[in-house]
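Below is one structure, written out as C-alpha cells, with a few remarks after it.
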C-alpha cells in the first residue's frame, strides 16, 4: 500500500482543527505538619469551611480551621501513610454522604462507606453532612406517638414523633437496651431507624447488629459505626452523617428514628480535635462551641408541618454520666437542648428494677400530647402513685405499726413497681401495656403474691390473645376506653383471675 503525502497532511490538519485544549485546574497545597488525624496545609487560600480535600492515597479530609497562612483539616481515614510535604487537592465540594433506601439493612462507617462485607452501596443520591435545621414555619408540634414498647416509658415518659428525648445514666445501666428495644418495637410499622455508634468497641457494635438481625430489625435499620479504634474526626462526624441519612426519609414525608450512642464520646472526640487545632479551651477543657456542636445536631430532629410533607425525625441521644452526676457540663447542655430525659439509675438497676428508670427525675416535655387516650386514662395517676409509694416506703422503714390504708398503698406500689419491670428484647404493644396497668390500678393484683406477677402477666397476655382477641383489636383501634369497653375488660380480667387463682 502506497502512502500518499497529501493524505497524511490532511489527517494532521483535521486533528489540529479538532484539537480541544482541556486543562484540569485544581488548587493544591502542601502539608506542613500532620499528626493525630489533623493536617496543617499551606497554600489552599480559596478553601471553604467544611470543604472536602483529597489527600494522597485517595483519603478524604475536611477543612475545619481557616487561618491567615494555613488551613487546619481533619483527615477522614487512615493518616499513617500521609507525610509532610505531600500535596493536597481541593475538591470544591462540601462534605457529603450517600443517602437513600439502598442504605437500609447496611452497616456503614462515618462517611457512608460499607463495612459489613456485603458489597458496595448502589445510590446516586448524596446529601451534605452539615445542613441548617428546618425553621419554625416548617415545623409542627409533636402529636403522634413513637411507641418504645417499654411500659415504664410509654406510660410515664411518652415519646412523640419528632421529639428529642435524652437517655441519660451511668455506664452499665441499660441505656443502649432502651434504645435497641425501641428499634425492635418499630417492626411492622412505618419507621426507618438509624443507630449511630460513637466510640464504642467493635465487639459491642457487632453484638447490637446481631441482636437487631435476630429480631428482624435490620430490615428497616441503618447502622453508622465510628468505633473506638477510629480517629477523632470520624467519631466527631458520625452523628452528622447519621442525621443526614435520617433527614432523607423525613423530607420525603416518612418517619425516622435516630439513636446517638453516645454523645459524650462525640464531645470528647471534638475536644481532642479542637485542642489539636489550637482552639482555646473552656470549661472541662471543652471548646467554647461544644454546646453548638450538639444543638445544631439535635435541632435537625423535628416534626415537619403538613405543607412540608408531614415527615418526622425522632432523636434519642444517649449521654453517659460519671457517678450519677447530671450537673456536669455535657449532661446539662444536652438536657437543656432536648425535650425531656429518661434518667436511668444504677441503684435501681442493681436492685432488679429494669429498665432502671428513675420516675422522679425523668420527664417528657412534649410527649404527653402524643400519648394515646387509652394510655392517658390508665397511666394518669401512675407517676403520682409511684412517688407516694416511694415516700411511704421510706417512712415505713422506721415503724412497723402502719394503718390499713398505708399498708394497702404500699402493697399497690410494690405491685406497680413489679409490673413496670420488663425483660430486654420483649417490647409490648400499646393495648397490652394498657391492660396490665389497668389491672394493677383496679386492684386485680392486690391479693396476688409479688413473686407470681411475672407469670400472671405472661398468662394474661396469652389469655387475651387466644380468647379475647376481639377486645384487644377494639382497644387497638379505638385507642380509648369508654364505659362499655371498660365493663368488658373488667369482666375478662375477673374471668382470668378465677382461672389463674384456681
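Using the three backbone atoms N, Cα and C, a Cβ is placed for every residue, glycine included.
Positions annotated as ATP binding site by Swiss-Prot: 169, 170, 171, 172, 173, 174, 175, 176. Sequence-distant contacts of residue 176 (ATP binding site), defined as residues of its own chain at least six apart whose C-beta falls under 8 angstroms from its C-beta, comprise 208, 261, 318.
Under the DSSP three-state reduction, residue 362 (site 'Required for activity') is assigned to coil, being neither helix nor strand. The site 'Required for activity' annotation in Swiss-Prot covers 362.
Summary: among the binding-site residues (171, 175), the fewest other C-beta atoms within 10 A of the C-beta are counted at 171. With all protein chains in the displayed structure included, the most crowded Cβ environment within 10 Å among the binding-site residues 169, 174 is that of 169. Within 8 Å of the Cβ centroid of the ATP site, not counting the listed residues 169, 170, 171, 172, 173, 174, 175, 176, the chain contributes 320, 344, 346, 349, 356.
Secondary structure at residue 170 (ATP binding site), taken from DSSP and collapsed to helix, strand or coil, is coil.
Residue 175 (ATP binding site) carries a helical DSSP state (H, G or I).
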